[in-house]
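Enquirer: Okay, here's the structure, questions in a sec.
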Amino acid sequence: MSKSVVIAEKPSVARDIARVLKCDKKGNGYLEGSKYIVTWALGHLVTLADPESYDVKYKKWNLEDLPMLPERLKLTVIKQTGKQFNAVKSQLLRKDVNEIIVATDAGREGELVARWIIDKVRINKPIKRLWISSVTDKAIKDGFANLKPGRAYDNLYASAVARSEADWYIGLNATRALTTRFNAQLNCGRVQTPTVAMIANREDEIKNFKAQTYYGIEAQTTNQLKLTWQDANGNSRSFNKEKIDGIVKGLDKHNATVMEIDKKQKKSFSPGLYDLTELQRDANKKFGYSAKETLNIMQKLYEQHKVLTYPRTDSRYISSDIVGTLPERLKACGVGEYRPLAHKVLQKPIKANKSFVDDSKVSDHHAIIPTEGYVNFSAFTDKERKIYDLVVKRFLAVLFPAFEYEQLTLRTKVGNETFIARGKTILHAGWKEVYENRFEDDDVTDDVKEQLLPRIEKGDTLTVKLIMQTSGQTKAPARFNEATLLSAMENPTKYMDTQNKQLADTLKSTGGLGTVATRADIIDKLFNSFLIEKRGKDIHITSKGRQLLDLVPEELKSPTLTGEWEQKLEAIAKGKLKKEVFISEMKNYTKEIVSEIKSSDKKYKHDNISTKSCPDCGKPMLEVNGKKGKMLVCQDRECGHRKNVSRTTNARCPQCKKKLELRGEGAGQIFACKCGYREKLSKFQERRKKESGNKADKRDVQKYMKQQKKEEEPLNNPFAEALKKLKFD
């Protein structure tokens, strides 16, 4: 009897599909049933081959060998996951298999994952496509009952290949050209470089900003009411001090007459469900977690604990087929402190409204929500518990009714001038009950602060005991932190110098710079290549980053290039543009970029040369600020030697409670704090032992130190193999 091979993107999804299809027999990298064989990728198993696979001369980076423009790009198996590729290959080549079902993520990249495997195996069997937005049993059953012909997604596949090949031609050539021309590792790309440019532009805005003093007026009444002056346009600030001085002087000995009391009943609805970017932003703001760290925590909650849904999503909505599962999800997450909240929601039928249920706004995956799986808090780390708390509270909040309140605005006249006061009375706590009414709102639009208003009637006269001038200064734009940088990457249109509204709209609709799955890696790569650095929570551009922007072609610095690409990739996906035409344009563009870099007369200057020499080649070492501390790296990119000088740890200073920096090597290592505190590593170990009641031993300390160096979870992507070979100067 003939069977169908189902290719899922990850083992966890494969297990869900196999369970529904009754594939119980376990094999080496697959699950088999009477009709189906379910196997899986691990992200990408196949990628574009390295330059040296076309010509051995490309093993060495030489400017004269550029541009590298192979007529046809080849595929290669990623070594890291070659075993699983062979497992998938063996199932595809089975004689009893007559059909392939692509069940990877429903989107451009998911299509590429499966099709590259099929192309590399060189198998020609009929293809069908499972296109679902969630992996519930019902969604899987419905999807298999409505499989689409594979050819319906040929254009989507062509679009995905076009994107990958364009990144190969431009990214690898531009990086090699910059690196060899200026003898410094200067990697660039259509996402990385505009991101660095946005950070540089923000720093320029801050540098060029000139603070202005503004003035206002506040009146205080004998019944402790504070009234704020407003002009005819509703502004409570003025840059004209003489005007404000004159008003204050003219109001002496005037009382306030209540002219109007405006009562409005208002509603505010819960913020939307989390997508990955929004979750990364909140985790950074509340806990200081990096985007990469939040993604890694989410992966564990998704794959290991199975309590949250797929993390790499760009949707803040769920699809209608998920609504029926909400009661079970509420029962699963409704434990501990969440029990009374979940119980309250379950008392009434759940209404699926457009604020969180919208099929049209779910593409590859729905928003991050709890699963129906059992929750065991004792198995969570502290960080996992915090991220889980964010997601569950947001999930509960959207299912609660609106926050309702009555806003009272008091309008008074003092002389001929208008003064107002504002207060709020809560009618129904609604979703804010989930946050114990401590949710931070961002809806403050003026300088009028809400206060408790006394009982007042229209026409009342209020005795004014004090009229005073207030003042403040305009503030420069804030530096980016990881939370705000993620927002800027998601919506870079306000940083674009373009009059092309359609281009800006396309960039916005296609998700901005990078994707939810890649932004954390991109930010991490910018730190690791020393183009940007952290000072506290703020992100600063380095001298190297500044020089990179000065050396790269102008077009690579703007998000516009990504917008133009996305327009054309969208046209390919719709069958309106041939992939070959786009790639031909990219090859010509690559020639222009390489030519511009070759003819540049600019110089790259290392302004961070230390007094240390490289132990391998003897050349000067450069001092750089890595993401987690200071490092020394060899100036010669061919050598690539690097060593840690110091790194920020999770150990806290016993005096000021800030994170300690670990400096030095071996037995001479010492913890240091900005407040001046110093402590040898050996003394630190003794203190830790005493604080833990003499229960700590060497293994505890080693485990602690190992945690500081723990590497992030590897993620297969099309350029993983190519990029890992890069040496950073």
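A Cβ is built for glycine as well, from the same backbone N, Cα and C atoms used for every other residue.
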Enquirer: Per Swiss-Prot, which of 49-54, 187-192, 289-294 is region 'Interaction with DNA'?
Expert: 187-192
Enquirer: What subset of the recorded positions E9, D105, W168, Y310, R312 lies within 10 angstroms of R176 (site 'Interaction with DNA'), using C-alpha positions?
Expert: none
Enquirer: How big is the Cα-to-Cα gap, in Å, between W168 (site 'Interaction with DNA') and W61 (site 'Interaction with DNA')?
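Expert: Taking the Cα atoms only, W168 (site 'Interaction with DNA') lies 16 Å from W61 (site 'Interaction with DNA').
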Enquirer: Just to confirm: which same-chain residues, 6+ apart in sequence, have a Cβ under 8 Å from the Cβ of E9 (Mg(2+) binding site)?
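Expert: Those within reach of E9 (Mg(2+) binding site), by Cβ under 8 Å and sequence separation of 6 or more, are W40, A41, G43, A103, T104, D105, G110, V113, A114.
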Enquirer: Just to be sure I understand, if DSSP states are collapsed into helix, strand and coil, how many residues of the region 'Interaction with DNA' (187-192) fall in each?
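Expert: Computed counts for the region 'Interaction with DNA' (187-192) are 1 helix, 0 strand, 5 coil.
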Enquirer: For the recorded positions W61, W168, Y310, work out the Cβ neighbour count at 10 Å and name the residue with the minimum.
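Expert: With the recorded positions W61, W168, Y310, fewest surrounding Cβ atoms within 10 Å: W61.
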Enquirer: Please state whether DSSP places R176 (site 'Interaction with DNA') in a helix, a strand or coil.
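Expert: Once the DSSP labels are grouped into three classes, R176 (site 'Interaction with DNA') ends up as helix.
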